[in-house]
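Single-structure report; data block below.
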């Protein structure tokens, strides 16, 4: 297991100590420990761990809500330590049952880190798709302007945008934005 930086959040010193010892034996680096939700949230933003291990009963607030914050801000992978499986909110996170064994800890840590990487990959893919869709919308609007003002068909308008992009060495999206801006400025001066 590569050197993973961990924050352990549990109100019980005994459980924190047991987790810390197990993690160190596995080659992890325990950067910090927290005994409450506010303490954990402060430390996760300062020590920047790869993984936060949170006791579901952590005092000082809702541990699962804090885990959602950490995950949505992409601060760290989350592993929730639980005693029972009856909490429906646990479906959102990787979790590990007490008492912890090294085998279960290794599997849970690996799964939590893998899940985070998959989520990061999906977020990047979604962002790329949003940019592609936005580019397509801008290009369609620019083609519409060219078709209207220059009496071109759609294919000719598209080729003109592509040609300008290649001649100027700038992305098609920027050419389309320039066409839209020029049209809007021209329209404003006529009004």
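Keep in mind that glycine also has a Cβ here, set from the backbone N, Cα and C atoms.
Note: TrEMBL annotation is automatic and uncurated.
Look at TrEMBL and you will find 5-113 tagged as domain 'Response regulatory'. The 4-aspartylphosphate annotation in TrEMBL covers 55. Marked as domain 'ANTAR' by TrEMBL: 119-180.
In sequence order, 9, 10, 11, 12, 15, 63, 80, 81 make up the list of same-chain residues 6 or more apart from residue 55 (4-aspartylphosphate) whose Cβ falls under 8 Å from its Cβ. Averaged over the domain 'ANTAR' (119-180), the predicted model has a pLDDT of 95.
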